[in-house]
Amino acid sequence: MVARTIPVDPFDLVIFGATGDLARRKILPSLYRRRQAGQMPEGARVIGAARSKMTRTAYQKSIREALEEFVPEAERTAATVKAFVDCIDYVAVDVTGDGGWQELCGKLRPDVVRAFYLSVAPSLFGTIAEKLAESGLATPDSRIVVEKPLGHDLASAQELNAKLTRHFDEQQIYRIDHYLGKETVQNLMALRFANALFEPLWNAQHIDHVQITVAESIGVEGRGGYYDKSGAMRDMVQNHIMQLLCLTAMEPPARFEPDSVRDEKLKVIRALDPIHVDDTVRGQYRGNGSAGYLEHVENPDSKTESYVALKVQISNWRWAGTPFYLRTGKKLRSRLSEIAVIFKEVPHSIFPEVSNRKGNALIIRLQPDEGITLRMTIKDPGPGGMRLREVPLDMTFADALGDEFDIPDAYERLVMDVIRGNQTLFMRGDEVEAAWAWTDALLAEWQDSPDRPQSYDPGGSGPDDALALLHRDGRRWRDIPG
Ligand code: NAD
């Protein structure tokens, strides 16, 4: 069974960069799935715009091929593919020049939702916003969609925001962080704010610490040039992990509305203590049978981190004294993203000790197998005294929801939210800037430090110093399973 869908209004969606990887692999397959789910109305039109000169028919053919490559066969029917491809048009536009804009204007209808998805390098965002305005397309109800990298430091993020807000109001700008489109991430809000059980315990009095892990098993292969200018802190922590941290730590918003939620996230970022270099670990994976990090990048002395672990403190009443440990890295044992909320021990135990006792924990898994697990302590079954053991109360969504579980890709939800005009799951400009301000301070400390990232074995759980970061606090990281 396909998940319930709320129809959206007819729209014209223009994708700049329509021949690129993101458009072919994510945006168009996501739109196709929404069409198949019955959510894309008859009056919906997608207009591809890119540099290549090509006819509408040739572009439609290339999208058929993209669907064959990126949508599983079981999800494709000839009729839906045809109906979807029929609603696609194409216009050749070199966004740095004047050609193609008039033709694009001629293709847009005046009375439908209008959205421009900038699936191009960020260096072109400002130019496109400018050209849209010059062409009379930056109308008050049009929307513009951009995604990472949204700057590489505070100054560049401010510059980018200024270029976008010169022609579009903040209410028209949709900054995608695709983590926010994930089902489990939204479930974190449902879990916290729709259940009476957790919120009274959701504070420093009851929570010992929080661990957020985004582990990747792949390395930087093929992306070394880009990645070496970025590193794990810019590529993962400043955006995706920061968003997970905010949703875990924020106060309950007054309403589930875009600015209520985003105000609360911003308060968390502003309450982050400046991070001291002693509370950080940088790593670089070494070669071990395969190429190490330094063999994938041009600079043989690069100090860019492919792994980072941080101990973060939030200075407010709810979290004072409860650290958030964050880690992310490439070439680790497996692909895993999770938020683990580790509760404090009972104040006085009347039972004999359990060996290796870890206590209650709530694990919110983003990948693989999206779901939530609550670790409980129960009596070990059988006679022989009162022995305790720890068991998971597991809710893997696919098992719990059965046929109803048809998890949409994050992009499916986010693109439809753009059409609906709902900004709740998109980052506001001030959030992005606040996250960069906090990140920049640490990047500057690293820059000044003579230390190199510690090398770590591929296929493991990261550098030894990362283990020590928790050991010194009497804690340990959760395992990254093999
Ligand atoms: P890509 O290089 O595969 O495609 C770029 C597209 O931009 C092409 O369609 C090209 O024709 C078009 N283009 C380039 N210069 C142009 C010009 N002057 N006028 C008109 N069109 C022009 O890039 P991509 O991987 O699709 O990524 C696009 C953007 O999305 C980048 O900013 C990237 O960082 C970001 N992004 C990509 C992914 C991904 O999975 N690919 C994920 C997150 C963010």
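Positions of Cβ are set from backbone N, Cα and C atoms, glycine also.
Taken from TrEMBL as is:
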type: BINDING; residues: Gly17, Ala18, Thr19, Gly20, Asp21, Leu22, Ala23, Arg24, Arg51, Asp94, Val95, Lys148; note: NADP(+) binding site
type: BINDING; residues: His178, Lys182, Glu216, Asp235, Lys330; note: substrate binding site
type: DOMAIN; residues: 14-187; note: domain 'Glucose-6-phosphate dehydrogenase NAD-binding'
type: DOMAIN; residues: 189-478; note: domain 'Glucose-6-phosphate dehydrogenase C-terminal'
type: REGION; residues: 448-467; note: region 'Disordered'
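Taking the features listed in TrEMBL, we show where each one sits on the structure.
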residue	record	CB count, 10 Å
Gly17	NADP(+) binding site	22
Thr19	NADP(+) binding site	20
Asp21	NADP(+) binding site	10
Arg51	NADP(+) binding site	19
Val95	NADP(+) binding site	21
His178	substrate binding site	19
Lys182	substrate binding site	24
Glu216	substrate binding site	19
Asp235	substrate binding site	24
Lys330	substrate binding site	25
Seminar exercise, completed: Asp235 (substrate binding site) to Asp21 (NADP(+) binding site), Cα to Cα, whole Å, comes out at 18
Problem set entry | Distance from Ala23 (NADP(+) binding site) back to His178 (substrate binding site), taken between C-alpha atoms, in Å | 14
For this session: Compute the C-alpha separation of Asp21 (NADP(+) binding site) from Lys330 (substrate binding site), stating it in Å without decimals.
Result: 21
For this session: Work out how many Å separate Lys330 (substrate binding site) and Gly17 (NADP(+) binding site) at their Cα atoms, rounded off.
Result: 28
Seminar exercise, completed: Cα-Cα, Ala23 (NADP(+) binding site) versus Lys182 (substrate binding site), nearest Å, comes out at 19
For this session: Pop the Cα-Cα gap between Lys182 (substrate binding site) and Arg51 (NADP(+) binding site) into the table, whole Å please.
Result: 32
Problem set entry | DSSP-derived class (H/G/I helix, E/B strand, else coil) of Gly17 (NADP(+) binding site) | coil
Problem set entry | Extent of the NADP(+) binding site in Å [max Cα distance among Gly17, Ala18, Thr19, Gly20, Asp21, Leu22, Ala23, Arg24, Arg51, Asp94, Val95, Lys148] | 22
Exercise. Roughly how many Å separate the Cα of Lys182 (substrate binding site) from that of Thr19 (NADP(+) binding site), to the nearest whole number?
Worked result: 25
